[in-house]
C-alpha cells in the first residue's frame, strides 16, 4: 500500500470512492457497490423524506356490508326541567321560608 497524504480528508483518499457511479439496481453486486449503496439498498435505511403511500380504496360493495349505527338522540342530560326553573324554585323556597 502506498502511504496516504495526511493532509487529505479520509473520504478523498485514493481508492475510497468506487470507480463506477451508483445505480438504482438492487442486485447483489450493486448492493455491495459502496457503503452508501449497502446502507440504502442492502439494509433498506434511508433518511430522506418518506413517500406517501396511497391508500387502497375499498370496492363500492364493501360499504353496503357495514352496519350503520343509529345516531344518539340529542337530548340534554341531567335535569330535564333546565337550570332556569331550578333557580326559580330556590327563589320561591327562600321567600316562603324566611329563617332570619
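Glycine too: its Cβ is placed from the backbone N, Cα and C atoms.
Quick look at what Swiss-Prot lists:
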BINDING   22, 33, 34, 37  Zn(2+) 1 binding site
BINDING   25, 27, 30  Zn(2+) 2 binding site
COMPBIAS  48-57  compositional bias 'Basic residues'
COMPBIAS  82-100  compositional bias 'Basic and acidic residues'
CROSSLNK  71  ubiquitin cross-link
MOD_RES   52  asymmetric dimethylarginine
MOD_RES   53  asymmetric dimethylarginine
REGION    1-20  region 'Disordered'
REGION    1-24  region 'Interaction with human CREBBP'
REGION    1-48  region 'Transactivation'
REGION    22-37  region 'Cysteine-rich'
REGION    38-48  region 'Core'
REGION    47-100  region 'Disordered'
REGION    49-85  region 'Interaction with the host capping enzyme RNGTT'
SITE      11  site 'Essential for Tat translocation through the endosomal membrane'
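Overlay of Swiss-Prot annotations on the structure.
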{"residue": "22", "record": "Zn(2+) 1 binding site", "Cβ contacts under 8 Å, 6 or more apart": "30, 33, 34, 36, 37"}
{"residue": "25", "record": "Zn(2+) 2 binding site", "Cβ contacts under 8 Å, 6 or more apart": "none"}
{"residue": "27", "record": "Zn(2+) 2 binding site", "Cβ contacts under 8 Å, 6 or more apart": "none"}
{"residue": "52", "record": "asymmetric dimethylarginine", "Cβ contacts under 8 Å, 6 or more apart": "none"}
{"residue": "53", "record": "asymmetric dimethylarginine", "Cβ contacts under 8 Å, 6 or more apart": "none"}
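Comparing local CB density within 10 A for the binding-site residues 34, 37, the maximum falls on 37. On the 0 to 100 pLDDT scale, the region 'Interaction with the host capping enzyme RNGTT' (49-85) averages 64 in the predicted structure. Helix, strand and coil residue tallies for the region 'Disordered' (1-20), in that order: 3 helix, 0 strand, 17 coil [DSSP].
Note on the region 'Cysteine-rich' (22-37): DSSP counts are 7 helix, 0 strand, 9 coil. Note on the compositional bias 'Basic residues' (48-57): DSSP counts are 0 helix, 0 strand, 10 coil. Taking all protein chains in view, 17 other C-beta atoms sit within 10 angstroms of the C-beta of residue 30 (Zn(2+) 2 binding site). Take the CB of residue 33 (Zn(2+) 1 binding site) and look out to 10 A: across all protein chains shown you find 18 other CB atoms.
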